[in-house]
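Note sheet for the following structure.
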Amino acid sequence: MSILKIVKYPDKVLKCKAIALEDIDASLIKVLAKDMFDTMYLNDGVGLAANQIGISKQIAVMNPTGSKQDEIVLINPEITKKRGMSKMEEGCLSLPGISSEVKRANEVEVKFMDLEGNYKHLKLKGLPARIVQHELDHLNGFLFVDRLNFLKRKTLLKKFGKRGKA
């Protein structure tokens, strides 16, 4: 088990679009995914994108329940459909200590590659749909605070800055 260092805001890697994985070395990606899950669980997360650990590649892991059989590894993920909208409280391992309501789709369809290089398609709703949208935002260089209005974002980032200096 390797616990990886989580990159914190304002590190520039968090604002850059991650690069698609072209050649997938299954053994290497499996080790990375396991380390990402271990890191996510240790930090009480439900999702983690590779750029949150300083790797600018299109890979994310998620687990909405914490149960081993619900682990999902998303390689080169893309949301193909969205339905409905609602607000729900969100936080982020790269912005510890702050959270806010974020408006996102209630249901999504996502296509991606799994650890074996097989193309998959999932229909998700509720918390799993929210997690996949949050992680794909990371892979595209966005944070949940980027979805907030200017004043709310400024207030939260100021609060985060004060926490980091304490």
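Cβ coordinates come from backbone N, Cα and C, glycine included.
Here TrEMBL flags Glu135 as active site. Within 10 Å of the C-beta of Glu135 (active site) we count 25 further C-beta atoms, all protein chains included.
Residues or ranges marked as Fe cation binding site in TrEMBL: Cys92, His134, His138. Taking Cβ-Cβ distances under 8 Å and a sequence separation of 6 or more, the neighbours of His134 (Fe cation binding site) in its chain are Gly47, Glu90, Cys92, Val102, Arg104, Phe144.
Shown in sequence order, Gly47, Ala49, Gln52, Glu90, Leu93, Ser94, Glu135, Asp137, Leu143, Phe144 are the same-chain residues outside Cys92, His134, His138 whose Cβ sits within 8 Å of the Cβ centre of the Fe cation site. Long-range Cβ neighbours of His138 (Fe cation binding site) (same chain, at least 6 residues apart, Cβ-Cβ under 8 Å): Leu14, Ala18, Ala49, Asn51, Gln52, Ala60, Ser94.
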